[in-house]
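S.K.: Straight from Swiss-Prot, here's the annotation block:
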type	residues	note
BINDING	171, 172, 173, 174, 175, 176, 177, 178	ATP binding site
SITE	373	site 'Required for activity'
């Protein structure tokens, strides 16, 4: 039987075939899971993969390639590995890990991959930034010269922090490390409300690493009650999250903070705490069979923290003059600051605030050891008035600590030593401060001026907090505001007259 096809039919058939011809083929490089366990998957067949590249498993779980070996690739899994089976397909994504960044992130709580976990829906307008980028070069930087005020008298007077600095907060558990960090965020509320331009506003990023979910929820509540969430981003990799997410969270938070730094704005990032990140990285490295070193940490644990903290910088005027200030937190064991991770981070940062359990239990809060705490670059950023006021403060406190140790052995002390002990006790009392009550810088200057110049010397110690509240509420607002501009001789006369009048009722 013969078939005859007319030319017109043939043309129509060919046209429809050509029209429906699909050319957009996608070629994926695929590997197979050889073994999986403890959050680590060994994959065979991904020969062209890059270090740090994201991959996707058949179950939809993502991972990152960390170990590139001859036979297979070591991949750490971002999530539960229970859905991954031997022989499953693994697909390259062709992209390095990135996270959302921008002002749309403000007020949100996200996980280490930038996915919102606060139940307020998806993120709106935002850009994406790589998690691992190089720190700014030498030419792009400028020396730190603007103050980053914490609202804490002990910090702003003795260990001042500048915008673009890295200041370590180190101490045992339950010594108030997180309290200092939270007070710093709360203090920016009044600073930002006074800001006249975007370049004066300071945005905050808080990275919670390995903390309890209840602790993070409590922090969100504190910040929202103080209306501080509107200029803050929270990145949470809690204790129940896999180690890879705890390892990644600081880098994700840093990428979000860098958006502000690179666009001529200012940001503060708090890593709470980097000890837990190092432990998570140690776990991953040992499971990837990398050789262990001191305290079983891998050899590149210094680089883990240095490449993160070097990204906090003050940019030059040519590159926008933005800044990223870092406050990393490290937890010590029984006050041992000579352990591996503490010494590493101390050597990377521009100074440290040391907190001690003994001071905390003696009621000196914040429990800052003034002798061990130091700020290597912050004094250049300190306000002129604060410099004038607290010039002798550190010396007097050092002399007080030295004499107080000897005073325990004998009571027959000369008048000069008695005066030194008396002044030191009052200075220590003045530097105490309740939690969640940061003070504006002009109020700090007033209180410290009163203590350093002997206006509290004749008062009982228990009356000093009351005296402090009294002078802060009754001083003329214009005199208080003028203190930020420096202490001229006229202002000093006016200030001393006011302090003498107020002090009379409190003297013994």
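Placed from the backbone N, Cα and C atoms, the Cβ positions cover glycine too.
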S.K.: Which has the fewest other Cβ atoms within 10 Å: 173, 177, the binding-site residues listed?
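M.R.: 173, out of the binding-site residues 173, 177, has the fewest neighbouring Cβ atoms within 10 Å.
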S.K.: Can you tell me how far the Cα of residue 173 (ATP binding site) sits from the Cα of residue 373 (site 'Required for activity'), in Å?
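M.R.: Checking the Cα atoms of residue 173 (ATP binding site) and residue 373 (site 'Required for activity') gives a distance of 17 Å.
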S.K.: Taking every protein chain in this structure into account, which of the binding-site residues 174, 175, 178 has the most other Cβ atoms within 10 Å of its Cβ?
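M.R.: Answer returned by the neighbour count: 175.
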S.K.: Given a separation of at least six residues and a C-beta threshold under 8 Å, show me what packs close to residue 373 (site 'Required for activity') in the same chain.
M.R.: 158, 159, 351, 352, 353, 354
S.K.: If you count other CB atoms within 10 A of each CB, which of 171, 176 wins among these binding-site residues?
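M.R.: Going through 171, 176 one by one, the largest Cβ count within 10 Å is at 171.
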S.K.: What number of additional C-beta atoms lies within 10 angstroms of the C-beta atom of residue 172 (ATP binding site)?
M.R.: 18
S.K.: Around the ATP site formed by 171, 172, 173, 174, 175, 176, 177, 178, which additional residues qualify by having Cβ within 8 Å of the site's Cβ center?
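M.R.: Neighbours found: 331, 355, 357, 360, 367.
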